[in-house]
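Participant: As annotated in Swiss-Prot:
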DOMAIN    22-262  domain 'ABC transporter'
BINDING   Gly54, Pro55, Thr56, Gly57, Ser58, Gly59, Lys60, Thr61  ATP binding site
REGION    266-285  region 'Disordered'
COMPBIAS  272-285  compositional bias 'Polar residues'
Amino acid sequence: MRREQQLPAAVAAPVADGGQLMRAVDLTLGFGPKTVLEQVSLDFPARSVTTLLGPTGSGKTTFLRTLNRMNDKVSGFRHSGDVLLGGRTIFADRDLMEFRRSVGMLFQRPNPFPMSIMDNVVAGVRAHKMAPRKQFKTVAEARLTEVGLWDAVKDRLGDSPFRLSGGQQQLLCLARALAVNPDVLLLDEPTSSLDPTTTEKIEGLIRSLADRLTVIMVTHDLAQAARTGDRTAFFFEGRLVEEGPTKHLFLSPQHEETVRYFAPFRPAQGSDRGSSQTAGVAESQ
């Protein structure tokens with residue numbers, strides 16, 4: 001029988017209690033004279049998955065990176081409006097390292113650190129002094145088990161992460177993000193370079209993480225948004241065009257731009273084409 005993990009309180013997965021709510025309020029973003037996104041107001045309910053859809057250049061990735069303040073040091077970046085986390089502006093003068101413990105991020109391509117597999121997982125735990133060194137392996141085992149990677153790496157925790165496959169590296173990066181117990185997890189096309197098996201595994205993890213986290217994910221994959229999203233927001237040419245429950249947005253879009261973008265996913269009148277996909281939306285919500 002598998003022994004129960006005894007994690008330090010600071011790194012034990014919290015019991016969902018309402019958690020944080022992130023909110024963008026009249027947010028305008030730009031770089032120099034160019035405005036990338038204009039007057040976006042959008043709520044992210046606690047313990048839910050919100051997917052951000054839109055064509056390339058619509059502003060959704062700039063928006064996502066702003067939620068983590070990743071754009072702060074980009075030349076010419078400017079913003080007006082606000083983003084609130086737990087009712088407090090994220091743009092206040094604050095410790096960005098501590099802020100990013102609360103708002104984690106997983107990128108399109110895996111970015112393991114040049115250190116051992118175990119040290120990767122506990123990097124944030126060590127930096128934030130969330131657990132004593134003697135408990136690092138316990139923390140690493142818990143998070144690697146959660147993402148389904150423990151059995152593959154348990155005998156090679158001292159190895160370089162660059163010896164892992166691309167999919168395994170992405171799972172390692174997810175374990176690292178989860179090890180510090182963020183309130184919000186931002187995902188920037190996290191499966192775009194992965195094989196179907198790993199993609200399915202990560203999508204399942206996203207759904208299970210929504211039991212305790214606020215998850216916000218950029219994706220270009222309509223089917224992925226349908227499978228994972230509780231809510232979906234559609235961006236087009238620097239505007240938030242439409243947002244709402246994923247089922248409603250996929251089956252009953254209200255704006256012309258949304259209808260056109262979702263057309264390949266929705267069956268034509270009197271046709272069965274795409275019916276399995278739209279049925280999946282209806283059944284998953």
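Residue numbers in this text run from 1 along the chain shown.
Every residue gets a Cβ built from N, Cα and C, even glycine.
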Participant: Out of Thr56, Ser58, Thr61, which of the binding-site residues is least crowded by other Cβ atoms within 10 Å?
Facilitator: Thr56
Participant: List nothing but the one residue from Gly54, Gly57, Gly59 whose Cβ has the fewest other Cβ atoms within 10 Å; the candidates are the binding-site residues.
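Facilitator: Checked Gly54, Gly57, Gly59; of these binding-site residues, fewest Cβ neighbours within 10 Å: Gly57.
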Participant: Limited to the domain 'ABC transporter' (22-262), I'd like the whole-number average of pLDDT.
Facilitator: 94
Participant: For Pro55, Lys60, listed as binding-site residues, tell me which one has the smallest number of other Cβ atoms within 10 Å.
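Facilitator: If we count Cβ atoms within 10 Å for the binding-site residues Pro55, Lys60, the smallest count is at Pro55.
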